[in-house]
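J.: The following feature annotations were taken from TrEMBL:
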| type | residues | note |
| --- | --- | --- |
| BINDING | 12-19, 89-93, 144-147 | GTP binding site |
| BINDING | SER19 | Mg(2+) binding site |
| DOMAIN | 3-219 | domain 'Tr-type G' |
Amino acid sequence: MSDQHQNLAIIGHVDHGKSTLVGRLLYETGSVPEHVIEQHREEAEEKGKGGFEFAYVMDNLAEERERGVTIDIAHQEFSTDEYDFTIVDCPGHRDFVKNMITGASQADNAVLVVAADDGVAPQTQEHVFLARTLGIDELIVGINKMDIVDYEESTYDDVVEEVEQLLKQVQFNTDDASFIPISAFEGDNIAEESDNTPWYDGEILLEALNSLPEPEPPTDAPLRLPIQDVYTISGIGTVPVGRIETGIMNTGDNVSFQPSDVGGEVKTIEMHHEEVPTAEPGDNVGFNVRGIGKDDIRRGDVCGPADDPPSVAETFQAQIVVMQHPSVITAGYTPVFHAHTAQVACTIESIDKKMDPASGEVAEENPDFIQSGDAAVVTIRPQKPLSIEPSSEIPELGSFAIRDMGQTIAAGKVLDVHEKE
Ligand code: GDP
């Protein structure tokens, strides 16, 4: 047990074994409730299959899935010696992209599952590209289903090479990726070194998870606190609430709210119903600012230091990935952008470059349109003032989801902000 926390995404092509791997991790780390295991152990023994509890747990999950009960691997938690892990929404989940980039479930690192008998498949490519766009730091690549390929070293090597090729194509540093031959189903190289892969002497999966770098809270960046709601509380006055994304807030600080463009001195900060003198990234706070009334600020404003206020974009350039769109996207298209707590209609003013998602290189300058699967650099004009930051400077405030017709159609990160005068 540890109190260091990691948000982990499990990515990979459908049927390559993501759910099975999560089940295995929960099982091996003792995160499946004991009574559930006990029940399956008994059943297994009755049927003369002692030692097969894991298979029984997974079969049971599969049965429930067939009965239409959703087994949600997202939000499952398990602990290793080093970290408490939370599995964040996985690609394929309806709101994965939106949640991931609006910060609701920002993943620090990811496990990519690739089935040894299938190799790199279309969603493997898509997810790796997305992981890179959204700034995943380290990738642990589990080459899964090694049992199906008879634990053949040469098959493993071939798949590793294929994945390395893919990582290079999207310019993901292969030094930041580690490869492990596993069987989620049989439990090889997950919690214990497997006898079936004597040719492999690298880390097993739990070791690799333990040696992930500690996520560093962005305390050195300037304060950025997107406002979720604004309350009026008797005896205190106006209380904006939100989660600190970056930087530190102290009582006595002079702050500015953008784009509302008002500011003042922080009088009190409250967290968990207690007054605190200071708050840091990840803290959900309510606070009170001298001279600010309820109608002066709103959800979607960002609070920052008065001498380094949040940027307000007249236009901005961004790299986007089109996830799903029924037709084509052309200049002039005006869907709703979700960035931190803001929702603002924005016009795609120009499509500047189309990128090859496989190579990351420019495929076409000024294309007439882009469509599902395309990556592009576009120039965007918010229809109402929007506070947003270049992803290279403050990544927490530098990404967004584009929503239209009730779904997330694209995700992106901000390359450059052209500020309003
Ligand atoms: P997901 O779609 O990526 O979540 O894949 P699942 O975890 O649902 O697995 C898809 C199928 O592959 C299921 O029938 C699993 O039992 C099977 N599977 C997963 N991992 C392994 C493995 O390591 N070995 C074998 N033989 N089958 C596996």
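Heads up, the Cβ atoms here are built off N, Cα and C, so glycines get one too.
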J.: Consider only the binding-site residues LYS18, SER19, MET146: which of them have a Cβ under 6 Å from an atom of ligand 1? Write none if no residue does.
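T.: Cβ under 6 Å from ligand 1: LYS18, SER19.
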J.: Tally every other Cβ atom lying within 10 Å of the Cβ atom of SER19 (Mg(2+) binding site).
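T.: 20, counting other Cβ atoms within 10 Å of SER19 (Mg(2+) binding site).
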J.: By the DSSP assignment reduced to helix, strand and coil, which category contains LYS18 (GTP binding site)?
T.: helix
J.: Pick from GLY12, ASP15, LYS18, MET146: which of these binding-site residues has the biggest number of other Cβ atoms within 10 Å of its Cβ?
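T.: The residue with the densest Cβ neighbourhood is MET146.
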J.: Please report the Cα separation of MET146 (GTP binding site) and the residue listed as 'Mg(2+) binding site' in Å, rounded to an integer.
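T.: Rounded to the nearest whole number, the Cα-Cα distance is 16 Å.
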